Amino acid sequence: MTLSFTARWRDELPATYTALLPTPLKNARLIWYNDELAQQLAIPASLFDVTNGAGVWGGETLLPGMSPVAQVYSGHQFGVWAGQLGDGRGILLGEQLLADGSTLDWHLKGAGLTPYSRMGDGRAVLRSTIRESLASEAMHYLGIPTTRALSIVASDTPVQRETQETGAMLMRLAQSHMRFGHFEHFYYRREPEKVQQLADFAIRHYWPQWQDVPEKYALWFEEVAARTGRLIAEWQTVGFSHGVMNTDNMSILGLTIDYGPFGFLDDYDPGFIGNHSDHQGRYRFDNQPSVALWNLQRLAQTLTPFIEIDALNRALDRYQDALLTHYGQRMRQKLGFFTEQKDDNALLNELFSLMAREGSDYTRTFRMLSHTEQQSASSPLRDTFIDRTAFDAWFERYRARLRTEAVDDALRQQQMQRVNPAVVLRNWLAQRAIDAAEQGDMAELHRLHEVLRQPFTDRDDDYASRPPEWGKRLEVSCSS
């Protein structure tokens with residue numbers, strides 16, 4: 001089967017990019033590809049059979065119909081206007097046309113210098129490409145909207161970061177790479193007609209049902225806000241910290257995008273800061289909902305030329321509603337509640353307080369809770385707490401709450417185990433795969449990808465265990 005590519009972005013938004021070709025790496029080689037995703041997209045297996053070089057995966061060749069561009073956008077970084085940014089090391093190769101008429105961006109990260117590289121070198125390193133591939137696939141299998149990873153190419157090209165590393169490329173796929181920062185770029189250049197063109201493009205291709213509706217722009221922004229609210233709720237319930245929620249890292253489609261200094265909670269710490277460059281804690285775990293709202297407010301400002309203020313404010317309210325509604329639903333599912341009762345939030349907050357005092361493992365606590373039996377006054381979870389008197393008091397209230405549901409243990413446990421993962425991508429697991437890959441051993445990278453495809457399956461190995469102490473202290477930064 002021949003892959004078909006289109007160039008809608010290039011054809012319809014000429015002011016938003018620079019056309020250019022990728023710059024290949026030295027001695028590039030394909031070290032991993034996503035066989036399951038490739039099969040779903042009907043990508044011929046022969047494309048991955050590269051023995052001399054890295055082919056399209058390393059930017060050495062293009063497929064018919066590809067028209068590479070680097071996109072320009074701007075943004076607020078750590079709450080401060082940063083001006084023009086753009087694809088400093090990534091190139092949108094083309095948009096794959098799928099059978100249902102939708103498209104999928106093929107974006108090559110680490111593809112070399114672009115006009116938007118600023119002081120950078122246009123490269124990604126093996127460490128960061130491995131982390132992003134693992135994180136995006138982990139999030140997908142957790143059911144959280146995200147970009148996807150299709151392939152990783154390693155090389156012998158030296159790249160200087162905190163230390164000297166080697167260059168790599170990641171083929172990232174997404175329904176769209178449209179960001180809040182695209183709109184900010186033209187708003188602050190005082191080109192509101194181009195801001196409106198971006199909105200028209202989004203509506204035409206992603207919300208076509210609103211094209212002929214008079215209030216289409218207001219409806220569109222409401223949906224952007226709602227999707228963002230649901231995304232942040234998913235992050236908070238699974239314990240995911242993005243680490244660098246700049247406006248240029250926010251997706252119009254409500255996708256998790258730009259994995260850098262991310263982390264999943266190990267010990268439950270609501271003030272967890274994943275990014276060691278975030279000295280003020282702006283992007284700490286418990287601040288993500290308010291930062292997302294702040295970012296939406298920045299986006300709303302760019303839309304004032306063609307959306308009424310009242311409509312923008314209604315959309316921002318929609319964010320809060322979507323966030324709280326989705327978060328509440330997810331947390332009730334994690335606790336095994338099928339109905340909503342007035343004391344549920346208090347019960348959850350009591351558990352969080354107990355976990356924070358004890359440094360309980362976030363993922364393992366909820367997974368162990370999912371094995372609770374109503375009639376049993378004891379729980380294996382009890383042994384993980386030092387203050388067992390406090391746990392016993394909470395657990396008795398929890399069991400009493402379970403008894404108000406007309407649901408048997410088997411059904412409740414089944415529901416809980418579908419939303420409480422046994423495995424998340426802990427930083428130490430990613431680092432173990434990276435360390436091996438940097439020595440030329442890709443086995444752990446492939447094995448970890450397989451494990452992350454089944455996050456809701458109980459395991460008795462170290463993929464589902466608490467991290468070693470050194471694993472809790474790993475520092476990650478924007479170069480990650």
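Each position is counted from 1, following the chain as shown.
In case you wondered, yes, glycine gets a Cβ from its N, Cα and C as well.
Over in Swiss-Prot, the protein carries these features:
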type	residues	note
BINDING	GLY86, GLY88, ARG89, LYS109, ASP121, GLY122, ARG172, ARG179, ASP258	ATP binding site
ACT_SITE	ASP248	active site, proton acceptor
BINDING	ASN249, ASP258	Mg(2+) binding site
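Between the CA atoms of ASN249 (Mg(2+) binding site) and ASP258 (ATP binding site) there is a gap of 6 Å.
With a 10 A radius on its CB, ARG172 (ATP binding site) counts 25 other CB atoms from all the protein chains. In the shown protein chains, 23 other C-beta atoms lie within 10 A of the C-beta of GLY86 (ATP binding site). Among the residues GLY86, GLY88, ARG89, LYS109, ASP121, GLY122, ARG172, ARG179, ASP258 said to bind ATP, no two Cα atoms are farther apart than 22 Å. The recorded positions considered are ASP121, ASP248, ASP258; of these, ASP121 has the fewest other C-beta atoms within 10 angstroms of its C-beta. The number of other CB atoms found within 10 A of the CB of ASN249 (Mg(2+) binding site), across every protein chain shown, is 22.
When the Cα of ASP248 (active site, proton acceptor) is compared against those of the binding-site residues ARG89, ARG172, ASP258, the shortest separation belongs to ASP258.
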